[in-house]
C-alpha cells in the first residue's frame, strides 16, 4: 500500500504548491490592486486612524484633527474655514486634498521619512504614527483685515485676492482669495454633505475654490508701470532719472512717434491715450516721477517703444519674478508652476515675443495690457522688491515643519530670487512709488497711513481693462493696488490687492478708489499688530 | 547490564518538549504583539492566553510520555502552536469587532476567545480519553460498524431536528442546544474514516480484482488503467450517494467534498488501482454538475468565484444582497496584507464576514502577510507529512489506511479552505483545522490528533515492545 500512499502524498504536494502560487498571486501580484480598490475600506480607515498634524498660524491651529466616535476616527476641522481656505485647502476622502493639506501631506500624515526616527517606537508596536505640524508665515491681523476689507459696501464679498509679504524675507503674511469656501464641508465624513458642498461650489460662477492669490492671472494694468520705470532707471543708454522729462502727449502714435495729435474716437486705432483722456502735466512732457504718480499711459508707451524696447522690459520683468516671454500660443502658465510656496504659483508673463517686437502691442504692454498677465502674488513681489533695496526674496508660506513632539524638522531660510534693481536706483523708484500715494497728482492717496508715526507708504494703482465684452459692452475693469509700507525707513510689508470687475461703482472704478483702501487696511492692521508671524 | 537493542530506538519525547517550549513562546509573543498594538500596553490577559498552550502542551505531553512514548514528536507541538495562534487571532478579532461595534453605537458582548478556551479544554479532555483508552489502534477495527452507525447518526441528526435547532446561515448542519452549537459532521468525518479504513482492509482483495481495461498498448507496454469490477462498484457509489445526500440535506458543499475525496483516496490506497480515482473523479464531476444545476446556492458560489467584482444586478440591489461581498473582502484583506502583513492587531481583518471561522486564513494573511501565512501552511504541510510518514511506517494495513485517511482529511480541508478564500476554487465554507473558532471543529481535530498519534506510536514502536497496557509501568 505504500506506493499509492506516496502518490497521494505527491498529489497533496501539488495541491499545496497550487495554494502557494495562488497566495503569491493574491498577496504580491494583485496586492496593490486590492489594497487600493474602491471597495476596500482599509486604506481609508488607516488614513483616518491617527491624528493628522495641525496647520498653525501664530500659535493658533487653523486646521486640526478631532477625535470622533465613528469609524473614521479623526475628523479634519477648520475653525476659521473660509478665512484660511485658500491656504489650508481641504482634506476629503472623496475629492482628495488641496492647499497645504496637499503640498505638506507627508509631514501632516506622518509619512515623511524624516519622521521615521521619532516614530520608530510607535512603528515597533505597530501603532499608527502621528502627523507632524506645519507652522505658517501668515499674520493673523493682516489675514483677517484683508478678508474683511474684501467685503464690499453692499456687504457682499467682492471677487479678488490679497497677498501680503514681508519684503525682507519673502514670508507670506496674508493670502486671501474671495469669495472663499468652507473646507469643513468638503472634509466631512458624511458623503452626502461632501457631495452637496462639492457640486454647489463647482456650480458657483464665482469659483470659490479657485485660489486667486496664486492661481489666477490678471492683466496688471498700470501696476506694470513700476517695472517699466525700473527698466528706464536702470537703462544705461537712456540715462533717465525720476526727474527726467519724458514725452507725455495726449495721444501717442506708436508707428509715428513724431505725431502728437489726440487719439481719434476709434477703439481699433493703435493710438495710446491716457486714462479717461486726461492730460499729463503740460500735455507734452512730464517727469518720470509725475508720469508714474499720475499713471500717464502715453509717457510709458513712448518710453517702451522709443527708448527701451520690448526685450529690455522683459528682462526687467524677469528680474522681478516673471517668466520668459513665450512664442506663439500662450502656454499653460500654471503647469508646471513658476514657484512652489509650497502651494503652486502660476507663471506671470509679459506676453509673447511678438508683443515685444510689434510697436503697437509693445505700447499697450507698457501699461500692463495686451498679453501681460500676473498673479496677485507676483504683484506683491514687485512692491516687495522695491521696498527691500531692489532685492527680491523668494516668497514662502511654511515657516517651520515640526515633528509630532514639536521638534523642528525644517525651518525655511529666506533666499534671494534676484537683485531686481541696483539699490541706488531702487531708492529712486521707492520715492517715485511713495509719490503715487503722497503727491497731489498721485492716484494712490487712499493707501496713505497717517495715524502711525514713522510710516511711509508707497505703491502703484492699476485699472486693468478685462477685454471681456458682454452684450457689446466691456465688463468693468479690475482694480489693482500694489504697494509697501516702511516704518522708520525699514521695509515692513508689501501688499497687492486685486478686485475683479471694479467693485466700487461699475465702470467708474479705479485701483485707487477700490483697491488702495484694502491695501491700507491690511498694512495698518499688520503694523498695529506689531508684525511678526 | 545490557539493554535490548530494540529499546535503544529513541522516543524523542525530549525533542517534543523542546518544540512545545518554542510553540508556547511564539504564541505568547504573538499575544503580546496583539495587546501592545491594540492597547499600547501588555495586560494581565497575556497570562490567560499564555496559560492555554502551556497547560495544553504540558498535559498532553505528559500523557503521551506515559501512554504513547514512541509517538511522532512533531505532531503535538504543531497542534499546540496552531491552536495557540488561532486563539490569539480569535482574541484579536474579538477586539476588532468590539471596536467596530462601539463605533456604530452597539455593544459587543459575545467574545469568541473565552469560548474557544473552553472548547480547547474539552478537545484536550477528549484527546486524553481517546489516547488512554485506545492503546492499540487495531482495536477500532472491531467496532467499525458501530462507529459507522454513530457517524451516520451524527450526519443525519441535524436533518431530523427542527430548523430552529439546526440551521445557521442557511446551512442545516448544526445541533444547537442551550447556547452551544455543534457541527456533528466534524465527528462523522473521523468516524467514517475509521469505518472506511476497516471496511476496505476487509474487502480490498475483492475490490482490487481487475475489471475491464481501458487504454491502449504501445509496443506491448500498456497505457491506461483497470476499471473496477461492476459489482464491487458499490462502496464508491454509496459514498457518492451519501455525499449527494449531505449536500441536499445541508447545502454543505465542503463536507460532501471532504467525504468523497476521503473515500476515493482510501479506495485507491487500499486497492492500489488508479481506476478508482478516475471513476471517482468522473462521479464527482457528475455530482458537481448536478449540484450546480439543482442548487441556486452552488450557482451563486460559482458565479461569485468567476466574477467577484461584477456589479450587482438590479434584483440583488433591490433585495440588498451582495453574494460576492465576503470573497471580495477576503481578497482585500489578503491583498492589503501583502508580503509582510500589517502586523498583528494592526490590520482590519474584522471587515471580512465570519473572520474567526471560515476566513481566519485571510485574517492571518492580512496581519502577518504572505510570509507568515506560508509559515502556517508549512506547519500544516509538516503535520500532513508526519501523518503520511506514519502511514508508510506502520505495519498493519488498517493503520496505514487510518493514518493516511486522517492526514488526507487535514490536507484536503486546508486546501479547500485556502483555495476558497484566495479564489483558487469556489468558496465552500469549511473551518481551518486547529486554527478556526468552533467547538466541533476543534474537538474533532483533537480526536484526530489522538488517533494519528496512536498510529504513529505503533509505527515507531520497536517490534519487540508490545503496545503499552493501561496498568503496565515501563521499566526505567
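Going from the start of the chain as shown, residues are counted 1 onward.
Cβ coordinates are placed from backbone N, Cα and C, and glycine is handled just like the others.
Any TrEMBL annotation is an automated prediction that lacks curation.
According to TrEMBL:
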TRANSMEM  B:42-62  transmembrane segment
TRANSMEM  B:74-93  transmembrane segment
TRANSMEM  B:113-134  transmembrane segment
TRANSMEM  B:143-161  transmembrane segment
TRANSMEM  B:173-202  transmembrane segment
TRANSMEM  B:230-247  transmembrane segment
TRANSMEM  B:253-269  transmembrane segment
TRANSMEM  B:276-295  transmembrane segment
TRANSMEM  B:368-389  transmembrane segment
TRANSMEM  B:401-422  transmembrane segment
TRANSMEM  B:434-453  transmembrane segment
- With Cβ distances under 8 Å as the criterion, find the stretch in B:74-93, B:143-161, B:230-247, B:253-269 that has the most pairs with the transmembrane segment (B:368-389). B:74-93
- Query: So, does the transmembrane segment (B:253-269) come close enough to the transmembrane segment (B:173-202) to give 3+ Cβ pairs below 8 Å, pairs being at least 6 apart in sequence?
  - Reply: yes
- Counting Cβ pairs under 8 Å that sit 6 or more residues apart, are there three or more between the transmembrane segment (B:276-295) and the transmembrane segment (B:253-269)? yes
- Note on the structure: For the transmembrane segment (B:401-422), out of B:42-62, B:143-161, B:253-269, most C-beta pairs under 8 A are with B:253-269
- With pairs restricted to those 6 or more apart in sequence, evaluate whether the transmembrane segment (B:113-134) and the transmembrane segment (B:230-247) have 3+ C-beta pairs under 8 Å. no
- Query: List, by number or range, the same-chain residues at least 6 past the transmembrane segment (B:42-62) whose CB is under 8 A from its CB atoms?
  - Reply: 13, 16-17, 20, 23-24, 27-28, 31-32, 35-36, 76-77, 80-81, 83-84, 87-88, 91, 113, 117, 120, 124, 127-128
